[in-house]
Amino acid sequence: MKMTGWKKKLCRGHHLWALGCYMLLAVVALRLSLRLKCDVDSLDLESRDFQSQRCRDILYKNLKLPAKRSINCSGITRGDQEAVVQALLDNLEVKKKRLPFTDTYYLNITRDCERFKAQRKFIQFPLSKEELDFPIAYSMVVHEKIENFERLLRAVYAPQNIYCVHVDVKSPETFKEAVKAIISCFPNVFMASKLVPVVYASWSRVQADLNCMEDLLQSSVPWKYLLNTCGTDFPIKTNAEMVLALKMLNGKNSMESEIPSEYKKNRWKYRYEVTDRLYLTSKMKDPPPDNLPMFTGNAYFVASRAFVQHVLENPKSQRLIEWVKDTYSPDEHLWATLQRAPWMPGSVPYHPKYHISDMTAIARLVKWQDHEGDVSMGAPYAPCSGIHQRAICIYGAGDLYWILQNHHLLANKFDPRVDDNVLQCLEEYLRHKAIYGTEL
């Protein structure tokens with residue numbers, strides 16, 4: 001009799017335990033279904049649930065980037081000087097500096113792609129119908145600092161876009177393998193089919209972009225515009241904001257294109273030869289082909305698909321390309337000159353009224369050291385709050401408010417080893433704005 005009672009208690013205990021487990025699983029399933037409902041509904045892009053605050057909150061909670069430092073990013077993005085000073089002081093504390101992720105880290109974590117994408121918080125579905133219907137192409141030229149590349153890719157990534165990655169042939173093998181491992185996790189990210197050794201200020205920097213252009217035109221993705229990036233770039237607009245800006249171009253391109261100074265004219269007066277670096281020769285060059293006037297700009301462009309097609313297929317474009325191959329830093333005058341060529345789609349006339357400065361174009365926001373100064377006295381921007389490299393500002397936290405006031409799509413230069421706080425706050429700002437459509 002005692003045994004029977006014990007068995008009944010045991011069975012009752014098992015029953016209650018099983019019921020408790022069932023209820024717990026039901027709650028978990030309900031929460032999971034709500035989460036999946038928000039995600040799945042957002043995929044069809046017509047869901048009112050996705051527009052709801054609740055679903056946005058769930059989405060943001062799952063996609064919010066983990067803060068590495070306890071700094072006031074909301075204050076920094078709004079230009080609060082106390083928050084900026086605290087971030088700059090925080091950045092000076094060596095003990096708080098985090099070592100960047102290594103090639104080995106990415107080789108290991110990408111063995112499980114789903115875990116990698118979830119842990120690193122990649123957005124894996126379009127956030128709006130407008131974005132889905134307007135895919136963007138990227139040519140990404142990199143050679144070092146694997147974490148910089150992964151964070152840049154994460155910041156510009158959207159599944160409807162297409163990304164070509166060119167890795168310098170001279171890069172260490174472990175870096176190349178880490179890049180391959182990262183891009184293997186995404187169906188719309190690929191390595192350029194032809195890789196070249198990139199030498200500073202030489203033709204090879206242009207060739208890297210041309211190789212990606214060829215590959216991107218072969219893609220089945222109907223991209224509308226091409227943006228090119230390097231490893232020290234970072235977006236300052238969300239993908240939705242980029243789509244809006246590109247639509248407003250209405251087929252035009254956007255890149256710096258100005259009359260060259262006498263100093264810059266010397267870049268194509270004599271031929272240059274390349275070994276491990278660029279060497280000036282005494283051989284004078286012939287004038288540019290087709291009596292084309294030369295213009296100068298920078299390496300970055302926002303180019304329509306039709307412009308890219310004409311770069312690769314138009315005989316006049318090809319003649320100019322051949323002519324600039326032995327000049328100094330051809331990326332800084334090839335695109336600028338093609339932007340003024342009358343046969344190029346989306347170009348603008350030679351006339352001085354159409355000169356475009358780097359501040360007017362939307363391609364890239366850069367602080368040049370020799371232009372920094374007192375804005376109240378006419379300087380275009382205040383001094384860099386980070387450090388300078390080749391007379392270009394590597395941004396600090398004190399630059400972020402100014403950066404976000406500009407209309408450019410991307411900015412240069414960022415380096416987490418110089419100031420990771422500015423990148424952390426920019427990442428947080430962009431992710432919040434992508435989900436909620438509002439600033440921090």
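Any Cβ shown, glycine's included, is placed from N, Cα and C.
Small disclaimer: the values here were computed from a predicted structure and weren't measured.
Here is what Swiss-Prot says about this protein:
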TOPO_DOM  1-12  topological domain 'Cytoplasmic'
TRANSMEM  13-30  transmembrane segment
TOPO_DOM  31-440  topological domain 'Lumenal'
DISULFID  C73-C230  disulfide bond
CARBOHYD  N108  N-linked glycosylation site
DISULFID  C164-C384  disulfide bond
DISULFID  C185-C212  disulfide bond
DISULFID  C393-C425  disulfide bond
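Positions of the features from Swiss-Prot, shown on the structure.
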{"residue": "C73", "record": "disulfide bond", "DSSP (3 states)": "helix"}
{"residue": "N108", "record": "N-linked glycosylation site", "DSSP (3 states)": "helix"}
{"residue": "C164", "record": "disulfide bond", "DSSP (3 states)": "strand"}
{"residue": "C185", "record": "disulfide bond", "DSSP (3 states)": "coil"}
{"residue": "C212", "record": "disulfide bond", "DSSP (3 states)": "helix"}
{"residue": "C230", "record": "disulfide bond", "DSSP (3 states)": "strand"}
{"residue": "C384", "record": "disulfide bond", "DSSP (3 states)": "coil"}
{"residue": "C393", "record": "disulfide bond", "DSSP (3 states)": "strand"}
{"residue": "C425", "record": "disulfide bond", "DSSP (3 states)": "helix"}
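Same-chain residues at least 6 positions away in sequence with a Cβ under 8 Å from that of C425 (disulfide bond) are, in sequence order, I71, C73, I76, T77, A87, A397, L400. Just so you know, of the disulfide-bonded residues C185, C230, the Cβ with the fewest other Cβ atoms around it within 10 Å is the one at C185. Geometry remark: C212 (disulfide bond) versus C230 (disulfide bond), CA distance 13 Å. Counting other C-beta atoms within 10 Å of each candidate's C-beta, the disulfide-bonded residues C164, C384 are led by C164. The topological domain 'Lumenal' (31-440) scores a mean pLDDT of 94 in the predicted structure. C393 (disulfide bond) counts 24 other C-beta atoms within 10 Å of its own C-beta, drawing on all protein chains shown. Closest in space to N108 (N-linked glycosylation site), of the disulfide-bonded residues given as C185, C230, C384, is C185, taking the CA atom of each residue.
In space, C164 is the closest of the disulfide-bonded residues C164, C185, C384, C393 to C230 (disulfide bond), judged by Cα positions. A gap of 6 Å separates the Cα atoms of C393 (disulfide bond) and C384 (disulfide bond).
Taking all protein chains in view, 23 other C-beta atoms sit within 10 angstroms of the C-beta of C73 (disulfide bond). If you take the Cα of C164 (disulfide bond) and the Cα of C185 (disulfide bond), they are about 14 angstrom apart, rounded to a whole number. Each of the recorded positions N108, C212 was scored by the number of other CB atoms within 10 Å of its CB, and the largest score is that of C212.
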